[in-house]
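Read through the structure below, which is laid out as structure tokens, and then see the notes.
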Amino acid sequence: MTARARHLVQQLAWGITGALAGLATPACTLPTSFACLNSSQCGGGGQCVAGGCAFPDGDCPSGYRYGVLSPEGLAGLCVPVGFESSVSDDSGSGEDMLDTSESASSASSDTTDTNATSESESESESDTSDTDPTDTETTDTNPTDTGTTGEIPDTAIAHYSFDDIALPTIFDSSGNDFHAEMSSLQPTTPAIVGEGLSFTSTDHVIVPLGVLAGRTAFTIEYYVRVTQPTQPRQFILYYGHEVDTAAKPNLTVYVEHTVPPLRTARVLWAAGNQNYGLVGTTPLDQNEWHHVALTFDNSGMRMYVDHFLNAEDPFVPSLLSPNLAYIQIGGLPTGFGGFVGTIDELRFSEGALTPGELQPVP
């Protein structure tokens, strides 16, 4: 038996021990996977990392590999570099771990919305590293700068500063004339750079479809401040069918207030019979400004909060679909999940930008 084979057998034995320890009652069959809440459920020197039991493995850059009974999407993979501190400093409380069983079973109290309310938590297996070792811009905190060079980059598809408005039109300052429209007469308020746009739970903005239509590599970034949480979740962006929010594919970006980790940004990409998503790790606490960026390209999806990589998924969304015919900022077209707060400097750019190319951290 090779060393690799012995290692897998050992992981399987440890994983079964941890799984049985985590069960409330005896079962007749062994589980195929389980989500840990703390390291005491892993056994054999395992550590609970983002809902999966990880074990020492010298072949992984981080030094740890997820066991074979970890949730789908984690099992057998190396723990991402940047999780070493959470592995070595696990208190066993489970407060910072992704409870995939709870996430998968949670449902919205709003029964009229079938998109992202019954399905939105299936993304809990995504990488939730809160450390981006390539971040070169974390020292740039100038709140008056609209970009790393002080100018809107050539890669910008559309930029909404919310400083140039002729009700109900929000002018695109990129020069590409993708002007957006308010659904109601929303006020502006002092924000990160000049004025930001205030949202109540019934407000939303329609962005021209040409901003994203047919693109497979792009970045969406904005400054956001939540002033009032709305249960169970509040949507920042919706990209999908204009009426049927259950039609797939669709893309939603929202702040979660019901399923841990609470107050974090989420991304859900629903396509075919599967959902893919990102679960942030940085809380977007009430009345705090944060910079959020989402990047998409042929290597997958990534979420940055204040330039730190919060989550990534190697799934590559194919955005060429007739269902993707409507872009809304603030809530869903059904009226569900309205956002209450302020958004500033909303920018859509070509390609997947790096942290050094994003707008500065507030």
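In case you wondered, yes, glycine gets a Cβ from its N, Cα and C as well.
Because the structure is a prediction, the values reported are computed rather than measured.
Taken from TrEMBL, the feature region 'Disordered' applies to 86-153. Taken from TrEMBL, the feature compositional bias 'Low complexity' applies to 100-119, 139-151. The feature compositional bias 'Acidic residues' is assigned by TrEMBL to 120-138. Here TrEMBL flags 216-356 as domain 'LamG-like jellyroll fold'. The domain 'Laminin G' annotation in TrEMBL covers 216-351.
Mean pLDDT for the domain 'LamG-like jellyroll fold' (216-356) in this predicted model: 91. In the domain 'LamG-like jellyroll fold' (216-356), helix, strand and coil residues by DSSP number 2 helix, 77 strand, 62 coil.
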